[in-house]
Structure formats: structure tokens, C-alpha cells
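Asker: Before anything else, here's the structure in question.
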Amino acid sequence: MSAKDYVIAPSILSANFAKLGEEVANVIASGADWIHFDVMDNHYVPNLTIGPLVCEAIRPCTAAPIDVHLMVKPVDRIIPDFIKAGANIITFHPEASEHIDRSLSLIRDGGCQGGLVFNPATPLDYLDYVLDKIDVVLLMSVNPGFGGQKFIPGTLAKARQARAKLDAYEQQSGRRIRLEIDGGVNTANIAEIARAGVDAFVAGSAVYGAGKDSDPHRYDSIVGALRAELAKV
Ligand SMILES: O=C(CO)[C@H](O)[C@H](O)COP(=O)(O)O
Ligand SMILES: [Co+2]
């Protein structure tokens with residue numbers, strides 16, 4: 001895979017919320033590909049963040065895909081709101097949905113790409129029944145709920161396992177499903193994660209933390225450093 005086929009998706013969880021529109025536009029102007037949008041409900045995860053209103057507010061700030069990561073339970077009620085708010089990709093945790101197949105259909109029928117998110121200790125088995133309805137598999141490399149945590153090394157073996165499943169599916173269907181990772185990604189580990197078969201990388205604190213002292217906040221140097229690591233793979 002060439003370095004430009006990799007996706008870098010900064011999580012705005014670590015952005016300056018008082019200047020969110022600028023933070024979104026600047027990180028994309030600095031070379032990032034997607035905006036990762038973490039939705040937490042203080043129920044499925046022990047934190048409360050942003051919802052469809054904020055998604056709608058940042059939509060005009062960029063043409064880049066908005067990658068909505070739902071950490072909410074239940075999921076079906078909120079999916080149409082994010083579709084209306086301009087999301088492009090919507091992923092959810094299978095254990096938070098009572099009807100996984102239905103939730104995926106809701107996303108696809110609304111014109112978005114859809115996917116499942118796997119916590120560090122959630123088995124990948126759910127995938128076997130719904131691969132035809134999935135565009136992205138998101139592996140958590142931290143326990144969900146907070147930015148700035150350390151990458152859990154066991155996720156690398158799981159990424160290799162997921163890659164094998166997705167490659168086998170691609171052989172049979174001709175359709176490629178993205179493998180995305182979320183949590184603790186930085187310049188020191190991104191190449192190793194890519195070697196395990198991951199092709200989309202969420203990075204929150206590593207990206208937004210790096211630009212916070214520049215004025216205006218620019219992220220060219222950290223996004224460039226992440227790409228330079230990927231070019232070595
Ligand atoms: O879903 C998440 C946490 O539940 C965030 O996307 C993730 O933690 C990104 O932040 P960082 O790169 O700082 O780990
Ligand atoms: Co996330």
C-alpha cells in the first residue's frame with residue numbers, strides 16, 4: 001500500500017473546543033484526511049462529549065469526510081441525526097446495538113459508510129455475519145472513553161487477525177474494507193501498526209497536542225511526521 005493510501009484521522013476530542021471550526025479546517029489544511037468525531041454519552045462510556053449539533057456546526061468548515069465514532073447506547077435513535085448533520089462514516093460498538101444488522105442498514109440507507117468498533121477485549125466474531133454491510137472496521141487500541149491513553153500492545157495481534165479476515169473477504173467479494181485503529185497512535189508506533197495491516201489511523205492527542213503552542217494552530221509538522229513514518233512501511 002502506498003503512503004498516500006493511508007488515512008490520517010485526527011480526533012477533535014483533543015482540539016481546542018473554543019475554536020473548533022478553525023481546528024477542523026487547519027488540521028485538514030495541514031494534510032490530514034478525515035475528521036474523527038468521538039461521541040460519548042456518559043452511559044456506554046464514562047464521559048460526555050459532542051453530538052449531532054456540533055457535527056452540523058463543523059460540517060461547513062471542511063469538505064473532508066467526518067468519521068463519527070458512536071460510543072453511545074442505544075445507537076439506532078441517534079444515527080439519523082448524524083446522517084442529517086452531514087456525517088460521512090458512522091461506526092458503533094456492536095455490544096451497544098440491540099440489532100446490529102439493522103443499525104448498519106440504517107447507516108447505509110442514509111447514504112453513509114458504516115462500520116463496527118471493537119474494544120480491546122471484544123472478539124471479532126460479530127464481523128462474520130455482517131461483512132457485506134461494512135465499509136470500515138475500527139479497532140480500539142485503548143479502552144473507550146478518554147483521549148490521551150497509552151496504546152495497548154495486544155491490539156497488534158488483533159489487527160493482524162482482522163486484516164486476514166478482511167483480505168479473505170476481499171478475495172471473495174472484490175470489495176476492500178478499511179481497517180482503522182483508535183487510541184494512543186503516535187509517530188513512535190504508527191509504522192508498526194501499519195505493518196500489522198491497519199490503513200486508517202485516528203490520532204487525537206498526538207496531533208492536536210503537537211500544534212497547540214503555534215498561533216494559529218497548525219499541524220503540518222506532526223501530520224508530515226506521521227506520513228514520513230508511514231512511507232517507511
Ligand atoms: O475514541 C476515542 C477514545 O475513546 C478517541 O478517538 C481516541 O482516544 C483518540 O485519542 P488519542 O489519540 O489521544 O488516544
Ligand atoms: Co474514537
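Residue numbering: from 1, along the chain as shown.
Cβ coordinates are placed from backbone N, Cα and C, and glycine is handled just like the others.
Quick paste from TrEMBL:
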type: ACT_SITE; residues: Asp38; note: active site, proton acceptor
type: ACT_SITE; residues: Asp182; note: active site, proton donor
type: BINDING; residues: Ser11, His69, Gly145, Phe146, Gly147, Gly148, Asp182, Gly183, Gly184, Gly204, Ser205; note: substrate binding site
type: BINDING; residues: His36, Asp38, His69, Asp182; note: divalent metal cation binding site
Asker: What kind of secondary structure is Gly147 (substrate binding site) part of, going by DSSP in three states?
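Answerer: DSSP call for Gly147 (substrate binding site): coil, neither helix nor strand.
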Asker: Is any of the recorded positions His36, Asp38, His69, Asp182 within 10 Å of Gly145 (substrate binding site) (Cα-Cα), and if so, which, in sequence order?
Answerer: Asp38
Asker: Starting from the divalent metal cation site formed by His36, Asp38, His69, Asp182, give every other residue of that chain whose CB sits within 8 Å of the mean position of their CB atoms, in sequence order.
Answerer: Ala9, Ser11, Leu13, Phe37, Asp67, Leu138, Val202, Gly204
Asker: Within 10 Å of each Cβ, count the other Cβ atoms and name the one among the binding-site residues Gly145, Gly184 with the highest count.
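Answerer: The most densely surrounded of these binding-site residues is Gly184.
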Asker: Can you name the recorded positions among Asp38, Gly147, Gly184, Ser205 whose CA is within 10 A of the CA of His69 (divalent metal cation binding site)?
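Answerer: Passing the 10 Å Cα cut: Asp38.
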Asker: Which one of these active-site residues, Asp38, Asp182, has the sparsest Cβ neighbourhood, judged by other Cβ atoms within 10 angstroms?
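Answerer: Among the active-site residues Asp38, Asp182, the lowest count of other Cβ atoms within 10 Å belongs to Asp38.
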Asker: Around Gly147 (substrate binding site), which residues of its chain at least 6 apart sit with Cβ under 8 Å of its Cβ?
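Answerer: When sequence neighbours closer than 6 are ignored, Gly147 (substrate binding site) has Ser11, Leu13, Ser14, Asp38, Gly204, Ser205 within Cβ distance under 8 Å.
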Asker: Given His69, Gly145, Asp182, Gly184 as the recorded positions, which ones have a Cβ positioned under 6 Å from some atom of ligand 2?
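Answerer: List returned for ligand 2: His69, Asp182.
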Asker: Quick one: Cα separation, His36 (divalent metal cation binding site) versus the residue listed as 'active site, proton donor', in Å?
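Answerer: Each residue's Cα considered, His36 (divalent metal cation binding site) and the residue listed as 'active site, proton donor' end up 9 Å apart.
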Asker: In the same chain, which residues outside the set Ser11, His69, Gly145, Phe146, Gly147, Gly148, Asp182, Gly183, Gly184, Gly204, Ser205 have their CB within 8 A of the centroid of the CB atoms that define the substrate site?
Answerer: Leu13, Ser14, Asp38, Val142, Gln149, Val202
